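Encoded as structure tokens, the structure appears first; notes follow it.
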Amino acid sequence: MKRKYTTRRITLLITLCLLFTSLCISSVAGESGKDIIYVIPMESSIEKGLSVYLKRALDDAVQQGASVVVIEMNTLGGSVDAALEIGRDLRSYQIPIITYVTGTATSAGAYIALNTPMIAMSPGSSIGAAEPRIITGQETDPKYVAFWRSEMEAAADAFGRDPQIAAAMADRSIAIDGIIKEGEILSLSAQRATEMGISDGVFANRNLMLEHYGYEGVTIHSEITIAERLARFITQPYAIPILLTIAFVGIAIEFLVPGFGLPGLVGISALLLFFFGHIVAGFAGYEVLILFVIGVILLSIEFFAPGFGIFGISGVGAIIAAIIIAAHDTTLGITSLFIAFAITIVISVILVRFFGYRGVWNKIILSETQQNESGYIAHQNSNQLLGQTGLAVTPLRPAGTMEIGDTRIDVISQGSFIDRGKTVKIVKIEGTRVIVREIQD
């Protein structure tokens with residue numbers, strides 16, 4: 001009886017919780033018929049990571065039943081490719097979208113704003129200056145300028161704005177009487193943008209802006225996740241060469257300085273962060289991570305079982321290919337790799353030349369000059385050596401030197417590393433390669 005009473009109490013409690021939750025949801029979603037206003041912040045640089053986040057936020061706004069989406073913009077621009085993708089995404093949604101410029105809507109930001117049906121601005125804000133620039137500093141191809149200008153014109157025309165004004169923001173060859181001279185790029189203050197029909201008005205805050213458009217209700221703020229925030233930082237054009245430099249320098253120091261420690265861990269972590277950020281941002285799938293792992297495996301094979309370098313070359317090639325494929329821009333990927341390699345080489349030379357560090361290279365590369373006067377012999381008639389035993393006079397990691405009587409022979413250990421002073425036996429001869437294994441005492 002007591003058990004049945006307890007079960008009823010639990011059932012009643014669960015029912016009350018569900019009822020309370022549904023009441024809360026209904027009060028947020030539609031109390032007194034109020035609107036749901038979904039606010040998305042758009043700050044800092046425009047890049048692919050932002051594109052992925054914005055699409056997720058817009059999908060969430062639709063699922064929440066939002067009446068309107070407000071994009072609060074303050075950006076100096078960024079990637080044209082990312083802006084074009086964001087523009088296409090914005091035009092594909094049926095939900096009303098307002099761009100509220102709280103600071104600047106420059107370059108790619110201006111293009112994104114023009115792709116929304118409503119633009120509002122705060123006092124002191126500006127929009128325009130959308131001339132395309134190349135990251136390397138070279139002069140932009142006139143064909144590309146013409147393409148970008150046409151995209152700006154199309155975005156403005158789609159929502160009833162003057163396409164000539166938009167064109168003058170992107171192309172300095174455009175002149176408009178009383179507005180802009182040839183050779184200048186158009187950028188408009190909030191008041192001027194309103195006068196020219198680019199903006200719908202200047203509003204001191206979001207509430208006044210929403211009141212102008214006839215919206216009032218509950219506000220939901222979109223939150224960027226930690227993974228999205230990290231991906232946005234990692235995929236910034238300035239962050240990629242820094243991250244790759246940290247990775248390569250850390251790994252190089254680990255190879256040059258004895259022992260496995262912090263530099264190697266930092267280097268590997270930087271590489272993994274690079275791939276993580278680009279996968280989350282949507283630049284690449286997990287295939288680049290698989291390609292990277294294959295490269296590491298090939299390098300490991302070359303390290304532990306040296307051959308003719310084919311595994312090492314293939315491994316380096318796989319890692320470089322994975323990095324270039326993961327990057328959203330091939331030119332940026334190659335440039336970042338060049339910068340990282342150059343800095344790594346300089347630091348490696350300094351460590352070797354001034355500090356004498358060679359680390360693992362001393363274990364896999366013979367640095368001694370081997371002369372007959374010192375007891376070394378070449379491998380002529382080396383088949384006669386098969387089965388003979390001697391002492392390892394250098395560590396075999398895996399290449400090194402053994403001594404039989406007064407004769408020194410270049411050898412390679414079979415499988416594992418062998419310490420100096422151990423007894424070894426010649427078990428196989430392949431051309432000029434003399435292979436030995438350790439003989440347990």
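Every residue, even glycine, has its Cβ placed from backbone N, Cα and C.
Here TrEMBL flags 37-221 as domain 'NfeD1b N-terminal'.
Per TrEMBL, domain 'NfeD integral membrane' is recorded for 241-352.
Per TrEMBL, the feature domain 'NfeD-like C-terminal' maps to 383-437.
Residues annotated as signal peptide in TrEMBL: 1-29.
Per TrEMBL, the feature transmembrane segment maps to 93-114 (among others). Listed as Cβ neighbours of the transmembrane segment (93-114) (distance under 8 Å, sequence separation of 6 or more from its ends, same chain) are residues 42, 46, 58, 61-62, 66-80, 82-84, 86-87, 120-122, 125-133, 151-152, 155-156, 159, 161, 166, 169, 187, 190, 198-199, 203, 206, 209, 213.
Within the chain carrying the transmembrane segment (238-262), a Cβ under 8 angstroms from the stretch's Cβ atoms is held by residues 268, 270-271, 273-274, 323, 327, 332-333, 335-337, 339-341, 343-344, 347-348, 351-352, 357-361, all 6 or more beyond its ends. The transmembrane segment annotation in TrEMBL covers 238-262 (among others).
Sequence annotations record features per position, and here TrEMBL assigns transmembrane segment to 268-301 (among others).
Here TrEMBL flags 308-328 (among others) as transmembrane segment. For the transmembrane segment (308-328), the list of distant contacts is 47-48, 79, 81-82, 235, 240, 244, 274-275, 278-279, 281, 283-284, 288-289, 291-292, 294-302, 334, 336-337: same-chain residues at least six beyond its ends, Cβ to Cβ under 8 Å.
Marked as transmembrane segment by TrEMBL: 334-355 (among others).
Counting residues of the domain 'NfeD integral membrane' (241-352) by DSSP class, helix then strand then coil, yields 93 helix, 0 strand, 19 coil.
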